[in-house]
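Student: Here's a structure for you.
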């Protein structure tokens, strides 16, 4: 059995380590908290813990997604709720964008071979629980990339030919 003084010293050392650990963990937790509007780069807008940026320089879907990946955890935007869709619609309309379509991260890598539109997914691998098609995509159209359409107020999705050059929205960590 250890002497009482050794147990007391070890108890204080353990307590000191635990206190230091809680301070360090608290600092990490603060960094992971949802971002404030000021932490997004100029020209982008915050929503939740992400920054969103509309780029008016047109690119095809693949090049647009690659451009978005240059940002922290960035991809073409995934639209995961009606509230996020409304935020995006407002952002795009207030930008003065004059195009009919804007690229989002939706695509069908199966090229329509998966039945019942089952091949559609987000480029960042987010789960597709929210569905908001303007018109159901056709497996035979050759259009396998997703856009937001002006006709729907930039609220609903429409399939388009992936090589079209369009403006695009990136979603990335603040």
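Backbone N, Cα and C define each Cβ position, glycine as well.
I grabbed these lines from Swiss-Prot:
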type     : residues      : note
BINDING  : 107, 121, 144 : Zn(2+) binding site
DISULFID : 40-51         : disulfide bond
DISULFID : 68-170        : disulfide bond
DISULFID : 145-162       : disulfide bond
DOMAIN   : 47-171        : domain 'C-type lectin'
REGION   : 103-118       : region 'Sufficient to activate EXTL3'
SIGNAL   : 1-26          : signal peptide
Student: Please list the DSSP helix, strand and coil residue counts for the domain 'C-type lectin' (47-171).
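Tutor: Across the domain 'C-type lectin' (47-171), the residues distribute as 27 helix, 38 strand, 60 coil.
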Student: How big is the gap, in Å, between the Cα of residue 68 (disulfide bond) and that of residue 162 (disulfide bond), rounded to a whole number?
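Tutor: A Cα-Cα distance of 16 Å.
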Student: Determine, to the nearest whole angstrom, how far the Cα atom of residue 107 (Zn(2+) binding site) is from the Cα atom of residue 162 (disulfide bond).
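Tutor: Given the Cα positions, residue 107 (Zn(2+) binding site) is 9 Å from residue 162 (disulfide bond).
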Student: Excluding 107, 121, 144, which residues of the same chain place their Cβ within 8 Å of the centroid of the Cβ atoms of the recorded Zn(2+) site?
Tutor: 106, 108, 109, 110, 119, 120, 123, 145, 146
Student: For the C-alpha pair, I'd like the distance in angstrom between residue 170 (disulfide bond) and residue 121 (Zn(2+) binding site), rounded off.
Tutor: 16
Student: With a 10 Å radius around each C-beta, find which of these disulfide-bonded residues (40, 51, 68, 145, 170) has the fewest other C-beta atoms nearby.
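Tutor: With the disulfide-bonded residues 40, 51, 68, 145, 170, fewest surrounding Cβ atoms within 10 Å: 40.
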Student: Distance between residue 145 (disulfide bond) and residue 121 (Zn(2+) binding site) at the Cα atoms, whole Å?
Tutor: 10
Student: Which of the disulfide-bonded residues listed here (40, 51, 162) have a Cα atom within 10 Å of the Cα of residue 144 (Zn(2+) binding site)?
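Tutor: The disulfide-bonded residues passing the 10 Å Cα test are 162.
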Student: Using Cβ-Cβ distances, find the residues under 8 Å from residue 121 (Zn(2+) binding site) that belong to the same chain and are at least 6 apart in sequence, listing them in sequence order.
Tutor: 106, 107, 108, 109, 128
Student: Would you count the other C-beta atoms found within 10 angstroms of the C-beta of residue 107 (Zn(2+) binding site) for me?
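Tutor: Residue 107 (Zn(2+) binding site) is surrounded by 22 other Cβ atoms within 10 Å.
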